[in-house]
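Trainee: The compositional bias 'Basic and acidic residues' feature in TrEMBL is assigned to 926-935. According to TrEMBL, the compositional bias 'Polar residues' annotation covers 956-969. As annotated by TrEMBL, compositional bias 'Pro residues' applies to 1016-1044. The feature domain 'CSC1/OSCA1-like N-terminal transmembrane' is assigned by TrEMBL to 27-176. The feature domain 'CSC1/OSCA1-like cytosolic' is assigned by TrEMBL to 201-365. Positions annotated as domain 'CSC1/OSCA1-like 7TM region' by TrEMBL: 377-659. The region 'Disordered' feature in TrEMBL is assigned to 807-830, 843-883, 900-980, 993-1078. Look at TrEMBL and you will find 27-48, 112-133, 157-176, 378-404, 424-452, 473-494, 603-619, 640-660, 666-686 tagged as transmembrane segment.
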Amino acid sequence: MSSAAQQINQIANEYNSKLNKVAPKAVGIQLALMAALGLTAIVSFSILRPNNSVVYQPKVKYSEDEKRPPKLGKGLTSWVGPTFRTDEQQLLTTIGLDAVTYLRFLKMCRNALLVTAALTCAVLIPLDVIYNLRNVTSKNRNSLLILTISKVRGSWLWAHVTMTYVLTAVVFYFIWVNYDQMVKMRWQWFRSDEYQNTLHARSIMVTQIQKRDRSDEGLFNLLRTLQIPYPTTAVHIGRKVGTLPELIQRHNDAVRALEGVLTSYFKDPNRVATNRPTMRVGGWMGMGSKKVDSIDYLTQKIQRFDERIEVTRQGITGAKPENYGFASFETVPYAHLVAKKLEGKKKGDARWDLAPSPQDIIWDNLTMHDNSRRKNKFFGAILLLVFCIFYLIPLAAASLLANLSSLIAYVKFIRDWQNNYPTLFAAFVGVVPSLLTALLQLLLPVVIRAIASMQGAITHSRADRVVTARYSAFVIISQFVIFTLLGVVVQVAMKLYVEIDAHSSASEIWNYLKTVPDTLQNTYIIQSSYWLTVFPLRGASALFDLAQLIALLYVWIRTRLFGRTPREIREWTKPPEFDYPVYYSNHLLMVAVALVYAPIAPLVPLFGCFAFTVSYWVYKYQLMYVNTTRVETGGRLWNVCINRVLVCVVLMHALMAVTMGLTSNWYHSISIAPPFIGVFVFKFFLDRQFSDRFRWYVPSQTELAELRTHHADARKNRLERRFGHPSMFDPLFTPMLHRKIEHLLPTIYHGRIDQTRGTLEGKKVEQNKIGGLTFDLLEESQLAFDRNAYLHQRDEDAMTISSATQLHASPGTGPGMGPGSAGRYVDGGDYFNTRREQYLQHGASKNGSPLGTPIDDMDVPNELSRMPTGGTMGPSSSTDQLIQYPPSYAVNSFGSQPGGSISRYAGHHPTSSVGSTAKYPSVAPSDREEEHLHEQQQQQRRMSAMDFGVPLPSSPHANYSAVSRSRTPSPGPDQAYRAARDPRASFEAAFGNSLPSRHAGSEQPPMHHIRQGSLPPGPSPRSLPMGATPPRPIGAATPPPFIPHAPMANSASPFAAFGPRPTGNGSPRGYEEPFDRR
C-alpha cells in the first residue's frame, strides 16, 4: 500500500472517529436547545396573550358573527381548551376550507409519519442494532449510525426493501382516505350559502377575445355561436383604464407621505417644531435635485392627482374595450359545466375559464396576450435558473458547515477548535448550518412569486400554486439532493488533494475514484444526523410563530422610534394573511426528508412526526385566532401538495435502489421496481376517482332542482360592478390625522377651516377642509380598523344574495303552472323541454329568463355519471353517501304534443313557491315583492284563461327576457335555427361528447294523462280552496282582458327583442307576456 493510501486511510479513520463523537452530541445539544427555546416561546405566549389581543387574537374582533372563533379567557392556559376541542366541521365555518385543507394536510402527514415511525422503529431498528453489535467494531459505530442501514450488509438488507413496500402502501392509504374526505368537504363548500351566493362562482371568464367580439353584444354573440345549453344572465366586456391605476397608486402614496410628514412634524401636540420639514425632488441619485417644502409639495401633488383621476374616470365609460370579459349564469352548476367543457380549449378564438374572485385577479396580467405570456415565461425561467445558481453559493457554505467534521484532518484551526472546545464545536455544527438554511429560505419565495407574476399568472391563487410547485421543488432539490452531493464533493476533493500532493500514480487515483459511490452512500446516511437537528428547529420555529415575539418587537420599535400615522395603526390592527405556499413548501421538504430516510434511518420519520404534531396545533390556533386567508379557493392547493408527496415516495424508492446497488448488487435494485411503478398506477386511479369531483360542481338532477337561481344580474349591473376594474370604483385615500392635532393645522395651512362630518368606512368622523384638502380627524377610539369595512373588503359578492330564489320555484311561477306544480304546461307540454328548445333556437340570452333554465335529461351531460349524486343535501347534512351510483333521468318519450302524456323528472319534489321565500330570508324585499307581483298576475291570467276555455300556451317558439319579461319571437328559421331544433346534435356539436341514454333507468317514470286546459296533479291555485274546481263558462265569445305587467327598465339591444311574428292567419301576435302563446 502506498504512503498516500495509508495517509488516506488514516485520515478516514480519524474522520470516522471524530464523527462518532460529534454527531450524537450535536443532535443532543440541538434537541435540548430547541426544546428550551420552544418552552420559552409557549410561556411567553401564555403571559403576553391576555393583554395583547390585537396581536394574538385579532379575528375575535374582525370576524363575522357566524365565523367568530370561541372567546378565550384571561388565564394562562385558557387558549388550550378551545384549540384542542374545535373539530373540523366547526373549523369549516370559522376559518374556511383553505385553512382546513392546510390543517388536514398537516394531520395527514403527522398520522402517516406516526405509522411509518412505529413500523420502522419496531422492525428495522432492532435488526440494525443486532447486526451492528455482531459484525461492526465499536470503533466504527456510534449511537446514531447503529440505528441505520449504514453498516448493514447481506440478506439483512431485504428487511429494508420489504419495509419500502409497506411504507408505500401506508402513504397510499392515507392519501386515498384524506382525498376522499377532501372531495366531500369541497362539495360541502360548493353547497354552502357563501359559495352559492357569490357571483364569480356562477360566472365564466373569457380571455384573448378577438377584436371583432370586443363588446357586450360581441361577447353575447360569441357565446351564442357555441350553442351552450345554459342561458347567461349577463355579459360584460372589460374596458381600458389606461394610466388610471398608476395615478391612483401615486395619489395614495403621496397621501401616505403627507400623513407621515405631518405626524412627525406634529409629534408634540403642545408645540410646533421650529423648522418645517423639507425634501429633495428631481435629479438622479441626489445630483441635480432641489430642496422643497415637504408639506406644500405633497399637498399640491395630491391636488393635481385628484384632478387627473377625476378626468380620467369620466372618460373611461367610452374607452376602448379590452380582450377579456365575463358572463354569468343562473346557477353555479351551469357555469361549472361550461367551464369544464371549454377548459384548455380555444373556442371562438378565445380562452374560457371559471371566473375567479375579483379580489383574486391580477388585473395587469389579465390583458396579456399569449405571445407576450410565452416570451415572459421563457425569460422568467432563465431568470429563475440564474437566481437558483447564485443561490447555491450560500447553500454550499451551509453544506460545508454541516460537514465541518470532515475537514478536521485537513484544516489545523478546525482540528484545534474541536480538540480544545468539543462541546462548543458540536453546538456550532448542530445549530448554525440548520439555522443558516432556514434564513436562506426567506428570500426565495418572494423571488419566485415575483417571477410567476411576471410570467403572466392571471390570479393570485394561480401564482400561489406556481410558487408552491416551484419553491417546494427547489427546496427539495437544493437542500436535500444537492446538499448531500456537496458533502460528497467536499470529501472527494480533499482526498484527491492528498493523493495528488503525495504524487500518487494515475492508477492509484483511479482506484480511489472507484470508492466514490461508497463515499456517496456513507455521506447521505451520515447526513441523517444533520436532519435530526433540522426537525427540532422546525418545531421551535413553529412555536416562535405562536409567540410572535418579532411582531411585538417590531410594533414597539415603530411606536417608540417613529411616529405612527392613523392609517398605519389601522392597517397593523387587521389580521395578517397566511402565506400558504411558503408553509406548504417547508412542510413538503419535511415530508421528503422523512419518507426518503424512513427505510434507512428510522429516527428521521420519528422526529418528523414530532415536528408535524407541533406544527398542527400551533397553526390551528394561528388560523383560528390570528391569520386569515386572502381569497378563499376551496383548498385548491391540496392536489398540488398531494402530487409532491407522491414525488417524495418516488425519491424514497430511488434512494433505496441506490442503497441496494451500492451495498449489495445493482441487480438487486430491480426489487424496488414494483412499488415505483405502483406510484404511477396509484396516481392514475387517484385522478380517475377524485380529480373531476374535486374541481367541478355538477350535482344530480334532484339537487339541481333545489338550487337557487339568479336572474337579475343584467338589470342591476352586478357583473359590471363586480368585475369592473377596481380603479374605477376604489375610493381615493383621504389624509388621516389624530384628532388631538386639529388645532395645529392653521399653522401650516392658511385660510378658513371648514369643519364638517364625513363618512369613513361607513362611520361618521370629523373632517376639516383646509388648504384645498379634506382631512379625516380620528379619535383614539377610532384608530382600530373598522370591523364592517374589513368585512366589506373580504365579501365582494354579498349583494348577490338579494337575487337568490329557488330554482324549483321558478317553474312554479311559469305559465300554466300553479304554485308547487311539477313545472309542466297545462296542455301537456313539458316545461323544461320547451324552455330548452326555445333557448337552442335563440342562443344565449344576455338578460336571462324569469322562467328558469331547463334541467331535463337533454341538459345533463355524461359527467353526471361520474359525479357525486344523491338527494338535496345542505352543508350541514351527512355526506356519507355523497358518492354513489348516478341517478336515472326520466324523459317524456311522447314529446310535448298537446294532450299527450308527460312525466315528472326523476326525484322532483313539488315545493310551494311561497315556502321558497321563507326558506331563504336573504332575498331582498324588492326582489320578493317583484316576484310575488309577477306570480299573482300570472295566476290571475291562468285562471281567466281556464274560466273561458282558452288553451294555455305550449309553443316553444319564443324567447324570454329577464329584464322586460316580454315575449320576443324568433326572427325566423334559417340553417342554424333548423340545426338547433335537434337538441342532442347541438349539444354534441358544441362540446364533443355524447349525451346519456334517453332512458337511463329501467323503470318507466310515472305518467300523468292530462287533458288540455286542466291542471296537473298537485296543490290547487292559491286563489282557490284546496280541491276546488274553477268555474268554466262554456261558450264565452272572447277571453277576458289580460292584466299587464308593471313596467320594468330595459335597454334596447340587437338581441333583446325581435319584431312580432305572424300567426299564419294574417294577424300579428301582439301579446306582451311570455305565456301568451297559442
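Every residue gets a Cβ built from N, Cα and C, even glycine.
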Trainee: Where does the mean pLDDT land for the domain 'CSC1/OSCA1-like cytosolic' (201-365)?
Mentor: 87
Trainee: Any chance you could find the range in 27-48, 112-133, 157-176, 424-452, 640-660 with the most Cβ pairs under 8 Å to the transmembrane segment (603-619)?
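Mentor: Going through each listed stretch, the top one turns out to be 112-133.
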Trainee: Does the domain 'CSC1/OSCA1-like cytosolic' (201-365) reach the domain 'CSC1/OSCA1-like N-terminal transmembrane' (27-176), going by 3 or more CB pairs under 8 Å (6 or more apart in sequence)?
Mentor: no
Trainee: Most CB pairs under 8 Å with the transmembrane segment (27-48): which of 112-133, 157-176, 424-452, 640-660, 666-686?
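Mentor: Ranking 112-133, 157-176, 424-452, 640-660, 666-686 by Cβ pairs under 8 Å to the transmembrane segment (27-48) puts 424-452 first.
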Trainee: Per the definition of 3+ C-beta pairs under 8 A with sequence separation of 6 or more, do the transmembrane segment (666-686) and the transmembrane segment (157-176) touch?
Mentor: yes
Trainee: Other than its close neighbours in sequence, what residues sit by the transmembrane segment (640-660), given a CB gap under 8 Å and a spacing of at least six beyond its ends?
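Mentor: For the transmembrane segment (640-660), the nonlocal Cβ contacts are 105, 109, 149, 157, 160-161, 164, 167-168, 171, 175, 179, 465, 468-469, 472-473, 476, 521, 524, 584, 588, 591-592, 595-596, 598-600, 666, 668-669, 671-672, 675-676, 679, 682-683, 686.
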Trainee: Same chain only, please: residues at least 6 beyond the ends of the transmembrane segment (157-176) with a C-beta under 8 Å from a C-beta of the stretch. Say none if there are none.
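Mentor: Here the qualifying positions are 108, 111-112, 115-116, 119-120, 123-124, 127, 149, 595, 598-600, 642, 645-646, 649, 652-653, 656, 659-660, 663-664, 668, 671-672, 674-675, 678-679, 682, 686.
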